[in-house]
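**Student:** Here you go, one structure.
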Amino acid sequence: MIGKWRMGLWALAILTVPMYFIVTEGRKTSWGLENEALIVRCPQRGGAINPVEWYYSNTNERIPTQKRNRIFVSRDRLKFLPAKVEDSGIYTCVIRSPESIKTGSLNVTIYKRPPNCKIPDYMMYSTVDGSDKNSKITCPTIALYNWTAPVQWFKNCKALQGPRFRAHMSYLFIDKVSHVDEGDYTCRFTHTENGTNYIVTATRSFTVEEKGFSTFPVITNPPHNYTVEVEIGKTANIACSACFGTASQFVAVLWQINKTRIGSFGKARIQEEKGPNKSSSNGMICLTSLLRITGVTDKDFSLKYDCVAMNHHGVIRHPVRLRRKQPIDHQSTYYIVAGCSLLLMFINVLVIVLKVFWIEVALFWRDIMAPYKTQNDGKLYDAYIIYPRVFRGSAAGTGSVEYFVHYTLPDVLENKCGYKLCIYGRDLLPGQDAATVVESSIQNSRRQVFVLAPHMMHSKEFAYEQEIALHSALIQNNSKVILIEMEPMGEASRLQLGDLQDSLQHLVKMQGTIKWREDHVADKQSLSSKFWKHVRYQMPVPKRPPKMASVAAPLSGKVCLDLKHF
């Protein structure tokens, strides 16, 4: 009896003494930017109906509740208005209720604002995964603040613009979302406390989930009805590749021989190797299967090979056949290489010969193909001779030019080659208007032959002839110019470009001159000399036979006749 009585007393004592349970929750983290508002909530529940005390763990000081302080307690919330870097530390909240004591701690870190507007990863809130069906981004922690609309949104530190972006309450909606919308989004709003406004920003990443799709198989290699050439005894490797889309699905790429899978065909020298899965440039799933035939035989050419690709959309096959490849005839290859080398050498030699003897070849071709050509250009003369008739020199110099113009040129070009020349003083009748006749004769000539000599004096008549001839050749493009330079028998005086008109100087620099020097020409009337070859090359094709054609008839068919043969 005494023992039972004692046990009852102990039970009564236990029931009359209040019981307290202490509940502690792990430490959480929170962060903010300097000079912005930061509000954190006690990690423990029950603070809304029970008193909450906050302590700064670094100093074990209790944080006041008076709102006039920069940091104060409001129920279960701790407010930093605004936050400073030195506020960083561990804060502990204590919730007291009749049944228990709950404690929680927060590791608060206040950062300086990044100078380059790039938010580091440790200051980012949870990432939002978007899609075409869900393109909503929520501004984090906004529910803790006393905020008013609107909320401003930024992407990668740039304000969002355009009709695709819609801000509603604490959400951002993006229409027609795609991969270009991925990035870091920052919401910016205003918190109001005791009539004072504080700025709050929060950043989180947004990614777009790729929506997969599947398509009917597309074989990218080999082409349909592809033919592979292979030599007997060699190894043939043929790849079968196909793409199916981007979604996860059942796919297969394989080879068949006579509609039978390689594994069931029963020949060890014919194997199928699966290649690695690959993705194309547009993200599609592609598979490859390699058919390897070791030691190709004659029977392999009669088999039917199929590259097969399949998924739930269907099956597609590309037939492939083998064809015998003739072995390379190395002897024939040597002959071809040697022939091409000889041909190349011949072409090079021919080019060099033509470059060296081009004038001779051109004259020969002209004499053979077009010895006399009827020209319907309305021209009366083949060439008009322009020469200086007054000199600052001796009479001997004047006589040599006059003799060359009136005797040497006509004797060779008219008598031997059949050209018709117009020479001032020979073909112009007395009593005619010299200026009119000169201009008309130049206009009716196919070539303008300038005879240039040292110490030329620009007489009125000579200057006028030059002006008309150069205008016809350079401006009207009505004729061509031949420049003959009379070189003296010595080095004392040569042709000076400064004595010529500007247009004539330009022609001399562009096309050069044909030089005549009596002491360098063994036979002054020989058509085989370098001088007369160059003159004939620049002259047009004669339209009439030479005056001595009757004498030269028994000879070769050359147009220009060389009197040294008679």
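Think of each number as a place in line: the chain as shown, counted from 1.
Cβ atoms are placed via backbone N, Cα and C, with glycine included.
As the structure is a computational prediction, the values presented were derived from the model and not from experiment.
The domain 'Ig-like C2-type 1' annotation in Swiss-Prot covers 27-109. Look at Swiss-Prot and you will find ASN107, ASN146, ASN194, ASN225, ASN258, ASN277 tagged as N-linked glycosylation site, backed by sequence analysis. The feature region 'Flexible linker' is assigned by Swiss-Prot to 204-216, with similarity to another entry given as support. Sequence annotations record features per position, and here Swiss-Prot assigns transmembrane segment to 332-354 based on sequence analysis. Residues annotated as phosphoserine in Swiss-Prot: SER441.
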**Student:** Give me the non-local Cβ neighbours of SER441 (phosphoserine): same chain, 6+ apart in sequence, Cβ-Cβ under 8 Å, ordered along the sequence.
**Tutor:** LEU380, TYR381, TYR384, CYS422, ASP427, LEU428
**Student:** Quick one: Cα separation, ASN258 (N-linked glycosylation site) versus ASN194 (N-linked glycosylation site), in Å?
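**Tutor:** On Cα coordinates alone, these residues lie 87 Å apart.
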**Student:** How many other Cβ atoms sit within 10 Å of the Cβ of ASN277 (N-linked glycosylation site)?
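**Tutor:** I get 10 for this one.
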**Student:** What is the nearest of the glycosylation sites ASN107, ASN146, ASN194, ASN277 to ASN225 (N-linked glycosylation site), using the Cα of each?
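**Tutor:** Smallest Cα separation from ASN225 (N-linked glycosylation site) among ASN107, ASN146, ASN194, ASN277: ASN277.
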**Student:** Looking at the glycosylation sites ASN107, ASN146, ASN194, which has the shortest Cα distance to ASN277 (N-linked glycosylation site)?
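**Tutor:** For ASN277 (N-linked glycosylation site), the spatially nearest of the glycosylation sites is ASN107.
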**Student:** Of ASN107, ASN225, ASN258, which of the glycosylation sites has the most Cβ neighbours inside 10 Å?
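**Tutor:** Result for the most crowded candidate: ASN107.
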**Student:** I'd like the number of other C-beta atoms within 10 A of the C-beta of ASN194 (N-linked glycosylation site), please.
**Tutor:** 7
**Student:** In the same chain, which residue numbers or ranges, 6 or more beyond the ends of the region 'Flexible linker' (204-216), come under 8 angstroms Cβ to Cβ?
**Tutor:** 124-132, 137, 140, 177-179, 181-185, 243-249, 283-284, 311-314, 316
**Student:** Quick one: pull the CA-CA distance for ASN107 (N-linked glycosylation site) versus ASN146 (N-linked glycosylation site), whole Å only.
**Tutor:** 23
**Student:** Rounded to a whole angstrom, what is the C-alpha distance between ASN194 (N-linked glycosylation site) and ASN146 (N-linked glycosylation site)?
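**Tutor:** That separation, Cα to Cα, works out to 11 Å.
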**Student:** Need the DSSP three-state call for SER441 (phosphoserine) to compare against my parser.
**Tutor:** helix
**Student:** Can you work out the mean pLDDT of the predicted model over the domain 'Ig-like C2-type 1' (27-109)?
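**Tutor:** Averaged over the domain 'Ig-like C2-type 1' (27-109), the predicted model reaches a pLDDT of 90.
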**Student:** Can you name the residues of this chain that are 6 or more positions from ASN146 (N-linked glycosylation site) yet have a C-beta less than 8 Å from its C-beta?
**Tutor:** HIS191, THR192, GLU193
**Student:** Per DSSP, what is the residue count of the region 'Flexible linker' (204-216) in each of helix, strand and coil?
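**Tutor:** Counting residues by DSSP class gives 0 helix, 8 strand, 5 coil.
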**Student:** Which residue counts does DSSP yield for the domain 'Ig-like C2-type 1' (27-109) in the helix, strand and coil classes, in that order?
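**Tutor:** So the domain 'Ig-like C2-type 1' (27-109) is made up of 3 helix, 43 strand, 37 coil.
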